[in-house]
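**Q** First the structure, which I've put down as C-alpha cells, then a few questions once you've had a look.
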C-alpha cells in the first residue's frame, strides 16, 4: 500500500525545490515536480 505522508516526504526529499506534490496511484507513490 502507498502511505501518503511517507510518499510526500520521499518525493520532497528527492526533488527538493522542484517538488510540487505527491499522490498515491493505487499502491504506487507518484511524484509531481517541475523539471528545472
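Quick reminder: no glycine exception, Cβ is built from N, Cα and C everywhere.
Look at Swiss-Prot and you will find 2-24, 7-29, 11-31 tagged as disulfide bond, backed by experimental evidence. The glycine amide annotation in Swiss-Prot covers 36 and is backed by experimental evidence.
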**Q** CA-CA, which of the recorded positions 11, 29, 31, 36 lies nearest residue 2 (disulfide bond)?
**A** 29
**Q** Of 24, 29, 36, which recorded positions come within 10 Å of residue 11 (disulfide bond), going by C-alpha to C-alpha distance?
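**A** Passing the 10 Å Cα cut: 29.
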**Q** Cα-Cα, whole number of Å: the residue listed as 'glycine amide' versus residue 29 (disulfide bond)?
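**A** Answer for this pair: 21 Å between alpha carbons.
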**Q** Return one of helix, strand or coil for residue 31 (disulfide bond), based on DSSP.
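**A** Reduced to three states, the DSSP call for residue 31 (disulfide bond) is strand.
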**Q** Measure from the CA atom of residue 24 (disulfide bond) to the CA atom of residue 7 (disulfide bond) and give the result in Å, rounded to a whole number.
**A** 8
**Q** How far is it from residue 24 (disulfide bond) to residue 31 (disulfide bond), counting Cα to Cα, in Å?
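**A** It is 9 Å, counting Cα to Cα.
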**Q** Kindly assign residue 24 (disulfide bond) to one of the three DSSP-derived states: helix, strand or coil.
**A** strand
**Q** Within 10 Å of the Cβ of residue 29 (disulfide bond), how many other Cβ atoms can you find? Include all protein chains, please.
**A** 16
**Q** When you measure from the Cβ of residue 31 (disulfide bond), how many other Cβ atoms are you left with inside 10 Å?
**A** 17
